[in-house]
Protein chains: 4
Amino acid sequence: MSHNTFGHLFRVTTWGESHGPALGCVIDGCPPGIRFTLPELQAWLDKRKPGQSRFVTQRREDDLVKVLSGVMLDADGETLITTGTPVSMMIENTDQRSKDYSEIAKSYRPGHADYTYDVKYGIRDYRGGGRSSARETAARVAAGGLARKVVPGLLVRGALVQIGKHKINRNNWDWNEVGNNPFFCPDPAMVPVWEGYLDSIRKAGSSVGAVVEVIAEGVPAGIGAPIYAKLDQDIASSLMSINAVKGVEIGNGFGAAEITGEENADEMRMGNDGNPIFLSNHAGGILGGISTGQPVIARFAIKPTSSILTERQSIDSDGKNVDIRTKGRHDPCVGIRAVPIGEAMLACTIADHYLRDRGQTGRLK
Amino acid sequence: MSHNTFGHLFRVTTWGESHGPALGCVIDGCPPGIRFTLPELQAWLDKRKPGQSRFVTQRREDDLVKVLSGVMLDADGETLITTGTPVSMMIENTDQRSKDYSEIAKSYRPGHADYTYDVKYGIRDYRGGGRSSARETAARVAAGGLARKVVPGLLVRGALVQIGKHKINRNNWDWNEVGNNPFFCPDPAMVPVWEGYLDSIRKAGSSVGAVVEVIAEGVPAGIGAPIYAKLDQDIASSLMSINAVKGVEIGNGFGAAEITGEENADEMRMGNDGNPIFLSNHAGGILGGISTGQPVIARFAIKPTSSILTERQSIDSDGKNVDIRTKGRHDPCVGIRAVPIGEAMLACTIADHYLRDRGQTGRLK
Amino acid sequence: MSHNTFGHLFRVTTWGESHGPALGCVIDGCPPGIRFTLPELQAWLDKRKPGQSRFVTQRREDDLVKVLSGVMLDADGETLITTGTPVSMMIENTDQRSKDYSEIAKSYRPGHADYTYDVKYGIRDYRGGGRSSARETAARVAAGGLARKVVPGLLVRGALVQIGKHKINRNNWDWNEVGNNPFFCPDPAMVPVWEGYLDSIRKAGSSVGAVVEVIAEGVPAGIGAPIYAKLDQDIASSLMSINAVKGVEIGNGFGAAEITGEENADEMRMGNDGNPIFLSNHAGGILGGISTGQPVIARFAIKPTSSILTERQSIDSDGKNVDIRTKGRHDPCVGIRAVPIGEAMLACTIADHYLRDRGQTGRLK
Amino acid sequence: MSHNTFGHLFRVTTWGESHGPALGCVIDGCPPGIRFTLPELQAWLDKRKPGQSRFVTQRREDDLVKVLSGVMLDADGETLITTGTPVSMMIENTDQRSKDYSEIAKSYRPGHADYTYDVKYGIRDYRGGGRSSARETAARVAAGGLARKVVPGLLVRGALVQIGKHKINRNNWDWNEVGNNPFFCPDPAMVPVWEGYLDSIRKAGSSVGAVVEVIAEGVPAGIGAPIYAKLDQDIASSLMSINAVKGVEIGNGFGAAEITGEENADEMRMGNDGNPIFLSNHAGGILGGISTGQPVIARFAIKPTSSILTERQSIDSDGKNVDIRTKGRHDPCVGIRAVPIGEAMLACTIADHYLRDRGQTGRLK
């Protein structure tokens with residue numbers, strides 16, 4: 001029962017706003033003996049950080065992560081080893097420009113949580129979006145960096161598969177391409193299309209939505225549970241907890257609604273090595289809430305950034321009608337930076353279920 | 001940390017398999033003083049129960065719900081009043097035909113959880129699907145019947161909006177129509193189309209997917225939380241926990257990926273009564289994880305029933321290749337009976353968040 | 001966050017009142033493959049059930065436990081095997097004498113929860129104490145019966161060590177004696193003293209308090225956690241959750257306040273078998289919240305039954321002063337029947353921590 | 001399911017070791033609008049900090065608390081107001097003397113958690129006790145400072161009532177005296193006795209146990225729950241989570257075992273103001289797990305500090321027998337500094353139950 005925690009055995013609590021001194025997370029329940037280095041961890045944060053191309057916000061944040069507890073330094077002077085106690089990570093906020101917030105302090109920006117915060121809490125940290133700031137996700141990415149180490153052999157990767165109406169051609173999918181463009185796009189043919197389209201969006205002070213796909217390989221068969229701890233359910237919850245996400249699907253997702261049982265069945269044969277082989281993966285690696293051993297595949301839809309330059313009608317906290325434009329350094333497509341965030345959430349969810357399965361069944365090492 | 005529980009303050013634990021003596025749920029944390037009658041509760045279960053048309057499974061289950069604890073009988077001899085202690089509800093299984101399970105006891109049906117159960121637990125109740133049986137959802141519907149009473153003025157309704165590729169025309173939406181056809185279809189023009197299509201599916205021993213939409217009206221503004229207890233996140237989790245669900249979306253959902261910030265903004269004006277008016281509801285009633293006071297709108301995609309008459313390739317628990325057809329009394333489109341289940345899950349989630357908000361802020365009565 | 005659940009991975013939810021149709025529990029998270037028989041389970045319930053001597057309440061309840069879910073019957077037709085899904089157990093209430101509750105329906109019995117229930121819930125099931133009925137503990141004992149099987153080699157036993165001011169002589173402790181007298185007394189010399197004393201209490205319509213000691217042997221070293229999941233903390237919580245318990249201590253408990261660090265230290269030497277030997281066990285088998293491998297020892301104090309024949313001053317729900325005597329079939333010393341309950345709670349707590357350790361560290365099988 | 005979290009709606013997660021850069025806590029679920037100042041918070045920490053008399057450890061830690069998130073600064077430039085988002089507090093470690101840990105890095109100090117940590121985690125932060133360091137309790141005290149503000153009218157106070165065999169005379173109890181001596185002793189006649197006794201203990205390099213009593217006034221009647229969320233149960237859990245605590249009791253506690261139902265009954269009369277009056281408080285303010293509105297009274301026993309100068313037998317991590325003396329700056333009686341810690345834990349527990357009651361019943365504002 002936590003508003004700012006996710007996971008059960010691999011349990012992540014995040015805290016902080018973009019305009020306070022720092023933000024961070026506490027990871028409770030991490031197994032002891034997990035080895036990692038700060039540069040490894042930082043690399044994940046660097047994937048998410050703003051200012052890396054003209055297609056994302058130009059804010060400059062170093063997003064340097066510090067590990068404050070729960071580790072010992074190995075004899076090599078570099079490797080950190082988890083001790084089984086809470087791992088506290090902190091990222092200090094450095095780019096807090098002094099700014100005039102007087103307008104948005106009172107006005108409710110359409111599509112933002114301004115109105116709902118005020119109704120709920122009666123008080124709102126209007127500086128930089130408060131808890132809803134995209135900066136909060138830096139803490140998730142840090143946690144994900146550790147989660148990736150918890151499950152032996154786990155590989156979690158993500159890619160952007162759609163911006164606006166422009167979808168990639170899945171036949172062109174090339175993981176090596178993902179790091180070669182500013183979009184985490186796996187289809188080289190789509191990169192120039194997105195470049196042109198997003199430039200026009202950006203120049204118009206507009207924004208657009210996107211779809212991210214995240215895939216986990218090396219997930220052992222058998223994690224998850226049949227009912228209210230389904231692996232797909234917890235993935236849906238994790239991904240939907242990312243700001244601006246409006247939809248989540250597993251495997252063929254909404255496409256499953258359109259097909260027949262014959263088309264949807266993932267048939268099986270025994271492999272030569274004595275392991276089962278699935279002849280397809282419509283299920284996205286999960287049957288009855290439990291992993292099959294195939295890649296776990298999820299997609300999520302991100303709405304367009306609500307901060308746009310076009311004037312929109314709204315009200316303020318005094319109940320007056322106002323017209324509002326959101327100036328500032330915003331992402332024309334927040335979906336781009338959502339890729340490493342989605343990866344992190346998927347990694348944390350799988351790590352959690354790995355430990356939960358180990359607790360109940362004891363079959364995994 | 002429960003595999004068979006959902007919710008935090010309105011907390012529902014379900015138990016039971018379709019082929020044991022009974023199944024049921026325990027609702028912990030229900031406020032005291034909630035008044036309901038058994039017939040009211042039973043009415044929700046009757047909406048879900050099988051055998052009501054040729055388009056759903058022909059199994060006959062009375063699904064009679066008993067309330068075993070947590071209530072006192074009012075002086076009227078009919079109204080039950082919750083006492084604030086756990087409400088235990090039980091539904092006895094009555095249609096347990098003796099049947100030869102020897103084939104499916106060993107074979108893994110494609111699309112079913114047979115293989116994943118065996119990997120995880122090393123033991124599997126192969127009779128009727130075990131915990132993955134659709135019968136488990138009867139307990140959810142019972143819990144939902146109580147949840148509907150927890151939030152004053154709450155109205156939760158659902159409808160089937162797509163079967164296979166056949167989508168309703170939303171301009172024809174008529175809530176009064178939903179109860180007049182065997183599909184919970186709100187578009188009278190679509191009913192004959194679905195009838196013809198599902199008859200062909202049914203006769204072919206095939207199955208098809210569907211999309212359900214659930215809508216909650218009367219949700220007070222301000223429930224939910226900004227990050228890991230977002231109202232939409234918990235709705236996604238609740239709906240994805242229903243068997244066969246492969247995708248969930250809120251408001252315009254995956255459609256949000258295709259549009260711009262201008263198109264997506266729900267503008268606001270002050271109403272004459274001093275309350276804000278939203279000029280649209282792309283957000284599905286939730287901003288920043290917190291309800292806006294508008295209707296909360298969610299959709300979920302259901303895959304086609306995996307039990308089909310066409311032979312499919314698979315393996316058995318001895319590692320041999322087998323070819324398998326699933327005989328029996330199955331739903332050609334499980335999406336139909338998912339409508340009351342989706343309503344129940346939405347009602348439970350909103351009731352839970354209503355209590356959570358009351359706990360933290362004390363602003364709701 | 002459950003009012004009626006305890007445990008995290010071995011998670012027990014109980015429900016029911018003494019005057020409804022039944023009571024029971026749902027155990028979620030039990031490992032699959034645990035084997036037990038109904039008679040084994042029933043034996044634990046029989047230890048707790050009333051009416052077995054003149055020193056406990058003369059109510060007659062058979063306390064027959066039914067297992068409704070989560071198990072499969074082994075080929076021997078007798079052994080039940082857990083499947084990893086929720087184990088629902090139910091005990092039907094059979095001795096519901098029709099009785100005139102009009103007096104206690106309104107009056108607040110001193111020492112009972114009547115007043116506090118009415119303040120909290122605004123409604124109260126006055127028949128038989130509602131949720132505070134000692135009958136609720138039957139469900140705990142059933143859960144404990146399963147918990148005992150979860151940890152290989154675990155042996156949990158309890159004994160009554162004090163009634164009123166009469167304490168046993170610990171030098172006389174004989175486990176074989178515990179089953180030979182109606183008090184679970186390990187000191188044969190104390191049995192006649194307690195007999196005489198309790199007869200006088202019983203005849204006077206009075207009651208008296210007691211102290212129970214519970215001991216777990218075979219607890220593997222290393223379960224528990226340093227801070228808020230200390231094994232001793234969770235044992236304290238479990239035991240204090242039993243009705244009428246007013247104090248809990250671990251190892252030398254309150255006695256530790258009176259001694260020095262030299263006296264309190266449990267010194268260690270290496271044993272010939274390569275395992276450490278503790279030269280004493282003041283710690284009660286727990287250091288820093290984590291088990292040492294020594295026997296885990298806890299004691300709890302039970303207040304005298306509040307139901308006594310002597311008239312006491314009180315008020316009623318109309319705010320009038322009343323004088324009240326509690327007639328009925330009450331235990332002169334509820335501490336006696338608390339022995340199997342304390343054992344059950346200790347077993348459940350250890351089973352839970354066993355699974356939690358396995359989840360986090362993976363070192364236990 | 002957290003190893004380093006306590007509370008449900010007022011939820012405190014602590015992190016950090018004494019020899020890392022910092023330690024702290026995250027409070028999730030704090031109501032919005034709670035007003036406090038840093039000096040108010042710091043005052044609680046100053047009560048707990050070491051070095052304030054010759055009877056506690058001479059380590060010098062400033063224990064300066066920083067609030068990193070979850071608050072806004074009021075217009076007065078001094079008052080912090082909670083926003084309803086997580087309150088992250090941090091205390092930097094400043095007195096980390098470089099020290100030779102080579103001996104204790106390998107040896108298991110009797111009475112410490114050295115052996116159990118190594119068994120459990122396979123790795124141990126031997127510097128300063130790791131998570132078991134008394135410094136961790138600074139974070140609890142910080143959280144308690146906020147908790148005290150959550151329940152209107154709540155007053156939580158504590159006192160030391162026993163050192164070794166020397167118990168205070170309760171007839172001398174004077175709250176004003178508690179702040180006037182280095183022991184938090186409420187009995188002025190006992191102060192010189194404890195001074196002399198503890199001086200001899202201190203000079204001998206020995207240590208001794210103690211008993212602390214904590215009392216909460218202004219607790220509204222009706223908080224808590226009948227079974228597994230009893231207020232007394234959660235208090236027992238909270239207090240037992242403090243390092244070195246070996247026993248907890250509520251009201252007359254273990255004394256309840258020695259008396260009769262007549263002696264134990266807290267009789268009631270209606271007061272002139274229309275509120276009930278209890279004629280005694282043997283129950284310690286809690287009946288059936290629910291508060292009566294009387295003062296909530298709890299006591300806990302603290303074992304003697306395990307760090308003593310006298311040589312004790314032990315083993316090391318290589319399995320060799322060793323003899324070990326624990327040098328360093330230790331508390332001769334850790335019970336003294338446990339007083340503000342006990343207060344903090346009681347305040348947090350009551351705040352949590354206050355919010356839980358509000359969530360379920362809505363009757364409290």
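A Cβ is built for glycine as well, from the same backbone N, Cα and C atoms used for every other residue.
The model shown is predicted, which means the values in this text are computed figures rather than measured ones.
Around C:Arg54 (NADP(+) binding site), the same-chain residues at least 6 positions away in sequence with a Cβ under 8 Å from its Cβ are C:Pro182, C:Asp199, C:Arg202. DSSP assigns C:Arg54 (NADP(+) binding site) to coil in the three-state reduction, outside any helix or strand. What TrEMBL lists as NADP(+) binding site is C:Arg48, C:Arg54.
Close to C:Ala244 (FMN binding site) in the fold, though at least 6 residues off in sequence, lie C:Ile302, C:Lys303, C:Thr305, C:Val334, C:Ala338, each with a CB less than 8 Å from its CB. In the three-state DSSP classification, C:Ala244 (FMN binding site) falls within coil. Marked as FMN binding site by TrEMBL: C:Arg131, C:Ser132, C:Ser133, C:Asn243, C:Ala244, C:Gly288, C:Lys303, C:Pro304, C:Thr305, C:Ser306, C:Ser307, C:Arg329.
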Legend entry - Helix, strand or coil at C:Ser133 (FMN binding site) [DSSP, three-state]: coil
Legend entry - Of C:Arg54, C:Arg131, C:Ser133, C:Lys303, C:Thr305, chain D-adjacent binding-site residues (C-beta under 8 angstroms): C:Arg131, C:Lys303, C:Thr305
Inset, instruction - Would you list the binding-site residues among C:Arg48, C:Arg54, C:Arg131, C:Ser133, C:Ala244, C:Lys303 that come within less than 8 Å, Cβ to Cβ, of chain B, in the order they occur in the sequence, writing 'none' if nothing qualifies? - result: C:Arg131
Inset, instruction - Using a 10 angstroms cut-off on Cβ to Cβ distances, just flag whichever of C:Arg48, C:Lys303 is the loneliest among these binding-site residues. - result: C:Arg48
Legend entry - Between C:Arg48 (NADP(+) binding site) and C:Arg131 (FMN binding site): CA-CA distance (Å): 17
Inset, instruction - Identify, among the binding-site residues C:Ser133, C:Ser307, the residue whose Cβ has the fewest other Cβ atoms within 10 Å in this structure. - result: C:Ser133
Inset, instruction - Determine, to the nearest whole angstrom, how far the Cα atom of C:Ser133 (FMN binding site) is from the Cα atom of C:Arg48 (NADP(+) binding site). - result: 14
Inset, instruction - Quick one: pull the CA-CA distance for C:Arg48 (NADP(+) binding site) versus C:Ser307 (FMN binding site), whole Å only. - result: 19
Legend entry - Structural state of C:Arg48 (NADP(+) binding site), classified by DSSP into three states: helix
